[in-house]
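K.L.:
So TrEMBL says this about it:
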type	residues	note
TRANSMEM	20-41	transmembrane segment
TRANSMEM	249-272	transmembrane segment
TRANSMEM	279-301	transmembrane segment
TRANSMEM	342-360	transmembrane segment
TRANSMEM	367-388	transmembrane segment
TRANSMEM	394-413	transmembrane segment
TRANSMEM	458-490	transmembrane segment
TRANSMEM	510-538	transmembrane segment
TRANSMEM	602-635	transmembrane segment
TRANSMEM	647-671	transmembrane segment
Amino acid sequence: MGAPVGLDSHLKSPRRCTDLLFLIFYAAFWVTMLALGGYGIKNGNPAALVLGTDYQGVMCDEGNNTGLGKRYFLNVAEVAYAVNALGSTISSTSVTSVDYNLRDAKSICLADCPTMTNTASDISWVCNYPESVEGHPNSPTYTRQDWIDANYDYFADLTAAEQTSSYEWKGPCYPVLYETISTFNTCQYFGTGADGAWTYFKSQTNAVDVFGGTALDEIAPQISSAVEGFLGGDSPLTQIERYIDDFQVGWKVLVLAGVVAPIILSVLYLLILRYFTGFFAYLILFSVNALAIVVTIYFALKAGLIGSDVITSYTSKVSGSASTAITNFADPAESNIAVLKIITYCMIAVTVILFLFTLMMLRRVKVAVGVIKVSVGAFGKIPSLIFFPLVPTVMMILLGVYWLATMIFLFSSGEMKMQSCTMDAGAPPMLFCKDTTNSDTCHCGYATTWDRNLQGALLFYVFGFLWSSQWIIAMCYLVVACVFTQYYFLGGNYNAVKNSPVLSAMKKMTFYHTGTAAVGSFFVSILQFVRLVMAFILRRLKKLGKDSKIMKYGAYYIQYCLWYLQKIIEWINRRAYIMTSIEGTSFCTSAWNALALMVKNVLAVAAVGIIGDIMLVLGKVSIALGSGTIAFLILDNENFVYGDEKVSSPLFIVIVVGLFAFCIASVFMSIVELGIDTVLLCYCKDSEDHGGVPANAPPALIKALNLAKKVKRAKIEEAKQRADRSAQ
């Protein structure tokens, strides 16, 4: 009796755990990740990332500022100086010569952003906390609640000296010259300014025109954009609001055309591949050779190596000078005739080599057709493969949620410290201080700082996410490869397998080869991390204005090399995982065996790779374009054009649908691609073990290669050898 038909019946020895040392290292790595996450949860305060601090370093909506959740920059003149909106108008000291920025501008916490008064007889004020050193003269009788009820304005209660100080922009009260709106819990300036109130302000005794005659609307854009950049960068909020409104109206289109349609189209495309693979394969080869011939003939005509074109025929009948003039005007490339001839000869060589390569690949095309048919046919026998991408998707979501939550806590566990800035009497903040000797009111701003240990922990945590996400991808590769390996070596028959193939593969790969996944994913994540650091450094240099062209292009070149190296490592990893699923060996052994096996079958690998990649790319693009077309046809309905469900930008929804469809198609095609690679290596390994005959191949592959008789003889011979061994 032969060996029982079941999982791993192709292995020559029992499967064992691989890369145990790296598995232990990966487990220790995750223990450290959990410890850092716990530290962040214990010491972090995520509110620090969304709530600002006042000039005293107290966070808004916490402590004494409870209920006051909006950060407001008191002195618009100080803000204008910080963003260099006025040049040297405010002070003779250039803003570029001092260490000072918007973070150092004086700010307090309010319950709501203040309202501007724009009349020629009045002006709104926002005053400092009433209990502050320069606050309300009747404090503590005058409480914070009284201050809030008065809309933060107690200017009328100030002494004459304090009012004069306020008109000089030194507090305790400051004029409200621009409308503000809460953006990320900070009052954002907008509008052109209160010209009437500004005129009234300047008409008062002791009032200082810090803007030097510059109109409010001239400095408004710089102030607004600076505060917006301080909050996280420029963003077209109005446009985004319209797009959000479009999606609220057209969500049905997004679901139907962006989710349902690409799934149906992906299944249909797999059916087309299943039954028309041969037609597509030979059509691709014919098209490539035909294109090479056409391009060669075109260059030969342009170089004058073949016949005469219309212009040459015409100019041959006129005078010499006219012929030259017409030729030069109509065909300026004629002056480069020598270059065109060289290009033509090169194209002839390429065309001949391509034709000879095609002849050499003709038999291997049969292998490619058979491999693709077997891979696509597996979906019919294993329908659970279609839903398997849900598993890594859920794992990625869980990892992302945990990592993002703990990263926020860890990032917010820094220490709030006063920053260092230039303390010069001719520049802010001292320029706007009432008492320059009082360090409680005249100082630099506050910001969260991270010491070297915490910075290292943050980098470690970023790398942890990269490694963990790549490990999930690696485990998925192993599971899918194991499923296709079982499918191949059981001859495409799963009737003998009691458990679900996908579930069985998940159990087997998780128990035996988690360490192998950790090894391969570690190499990829290292390269990703280095690329991320390089991009960060380049961005910082650009922000500091130190990115010279040599440095910029050098960094781009290094980035490209790292990206290319990462793709090579990913390519090797996929083959290593496949060999691990076939032979049960460790990562390095599997990678070496896979490369050796592909070198021995290089033409078959090339044929399968070229034809398979072209078909899969065409599938992704076709599904994305098809889904986008469906979305456009739906949105072209008069209900979405003129009716109650009118959308402002159908093109944007169509683009989003196309991206959704491309992602969904990529998920399907990535499984098919891995299946193709697995079946190919299984075929190569099977042929190597049985003297060039794939004895265990599924019927579809045997039929495509016309090897039915050879396979039958190989199986009879193998059965006879087993019987002889049993008799002994």
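Cβ from N, Cα, C; glycine included.
Curation plays no part in TrEMBL annotations; they are all automatic predictions.
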K.L.:
Look at every Cβ pair spanning the transmembrane segment (249-272) and the transmembrane segment (394-413), keep those 6 or more apart in sequence, and say whether at least 3 of them are under 8 Å.
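P.N.:
No, these stretches are not in contact.
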K.L.:
Check for me, if you would, whether the transmembrane segment (20-41) reaches the transmembrane segment (458-490) - at least 3 Cβ pairs under 8 Å, residues 6 or more apart in sequence.
P.N.:
yes
K.L.:
Where else in the chain does the transmembrane segment (367-388) make close Cβ contacts, counting only residues six or more beyond its ends and a cut-off under 8 Å?
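P.N.:
Here the qualifying positions are 267, 270, 273-274, 277-278, 281, 476, 479-480, 483-484, 487-488, 492, 494, 500-503, 604, 607-608, 611-612, 615, 668, 671-672, 675-676, 678-680, 683, 697-698, 700-705.
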K.L.:
Go through the chain and flag residues at least 6 beyond the ends of the transmembrane segment (602-635) whose CB is under 8 A from any CB in it; none is fine as an answer.
P.N.:
250, 253-254, 256-258, 261-262, 265-266, 269, 273, 277, 280-281, 284-285, 360-361, 364-365, 367-369, 371-372, 641, 647, 650, 653-655, 657-662, 664-666, 669, 672-673, 676, 680, 683-684
K.L.:
Who are the chain neighbours of the transmembrane segment (279-301) in space, where the CB to CB distance is under 8 Å and they lie at least 6 residues beyond its ends?
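P.N.:
The answer is 273, 307, 309, 340, 343-344, 347-348, 350-351, 354-355, 358, 361, 365, 368-369, 372, 610-611, 614-615.
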